[in-house]
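Right, one structure below, let's go through it.
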Amino acid sequence: MKKREMNRDWIATARTLSEALPYLQRYDGAIVVIKLGGHAMGSDEAMETFARDVVLMRQVGVNPVIVHGGGPMINEMLEKLQIKSDFVGGKRVTDEATMEVVEMVLSGRVNKRIVQAINRQGGKAVGLSGKDANLITCDPADPALGLVGDPNDVDPAILRTLFSDDTIPVIAPLGSGRNGETYNINGDTAAGAVAAALKADRLLLLTDVDGVKDPDGNVLTELTATQIHDMIRDGVIAGGMIPKTETALNAIDGGVRAVVIIDGRAPNAVLLELFTEHGAGSLIRAG
Ligand SMILES: Nc1ncnc2c1ncn2[C@@H]1O[C@H](COP(=O)(O)OP(=O)(O)O)[C@@H](O)[C@H]1O
Ligand SMILES: CC(=O)N[C@@H](CCC(=O)OP(=O)(O)O)C(=O)O
């Protein structure tokens, strides 16, 4: 039974819903790839909110695809096992022992946590890695990085099958080599490759900062390719933000309409970005 009382908050909520109509219409049937970084995963409560947002997206006709990271969780397990780990240009140098841990953590604990969270909210999520159904085939990225892969062949057929069954794919960033090897793919790189193969309407890169920052720490609300190249060259964009911005450019080149780098720790970040006029973070779009 609804309580028949007037309250400013509820009136504002109703107005927000009403104002969402043009956005709901715009994204009906759209494909939205969301990269959920390890740093953005946070508490169980934050995961629950994220999962609810994803289920809502699906409910209103969007086809969401989740590609996740899990760097901090891999670090934790490597430390327990006393395996040393180094990063070059934001990517983990991956030998065979490291690869075993990466696969175990990403395909196991991290992937299933997200799948379970979505299913608990009434969605239907299926966990897979880039190795399933030939989704992502890799070539070695750089001999210095060992088993780090560059996605060179992405077959999104399995994802389209899942869309047609109202199912939400949750993808761990691993890929197969041409000779049966397993490759570790940076989560942003994997998300970009999947988004390009699907010609996604949006790629949302959820991280732990408000967006891409200039040297004074101000978030740049819109970024061009030239700005990104200059900022990487000058060291203003560093560490994990390098693969993120490079991914954004590659995704746009590959046919994605727009990429947004946003703070995934902010409550309802995904809904705010898609269904309200209050988009946040840094936008990179096709020219
Ligand atoms: N110019 C920049 N603007 C914002 N963040 C930056 C910038 N340069 C480097 N970073 C770093 O990039 C990090 C995001 O990358 P990463 O830690 O790999 O995130 P995730 O785990 O979400 O993929 C930020 O926390 C920040 O420390
Ligand atoms: C090659 C490479 O660096 N792979 C990443 C995969 C996980 C990832 O990208 O996690 P975040 O998104 O949380 O950083 C790694 O081993 O950490």
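Glycine too: its Cβ is placed from the backbone N, Cα and C atoms.
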Recorded substrate site member, picked from ARG26, ARG92, ARG160, that accompanies GLY70, GLY71, ASN184 in TrEMBL: ARG92
Fewest Cβ neighbours within 10 Å, where candidates are the recorded positions LYS35, ARG92, LYS244: ARG92
DSSP-derived structure type at GLY71 (substrate binding site), helix or strand or else coil: helix
Conformational class of LYS244 (site 'Transition state stabilizer') under the three-state DSSP mapping: helix
Those residues of the chain, 6+ apart, with a Cβ under 8 Å from that of GLY70 (substrate binding site): GLY38, MET41, VAL105, LEU106, VAL110, ALA172, GLY187
Intrachain C-beta neighbours of ASN184 (substrate binding site), sequence separation six or more, cut-off 8 angstroms: ARG92, THR94, THR98, MET99, VAL102, GLU103, LEU147, VAL148, GLY149, PRO173, LEU174
For GLY71 (substrate binding site), the number of other Cβ atoms found within 10 Å of its own Cβ: 21
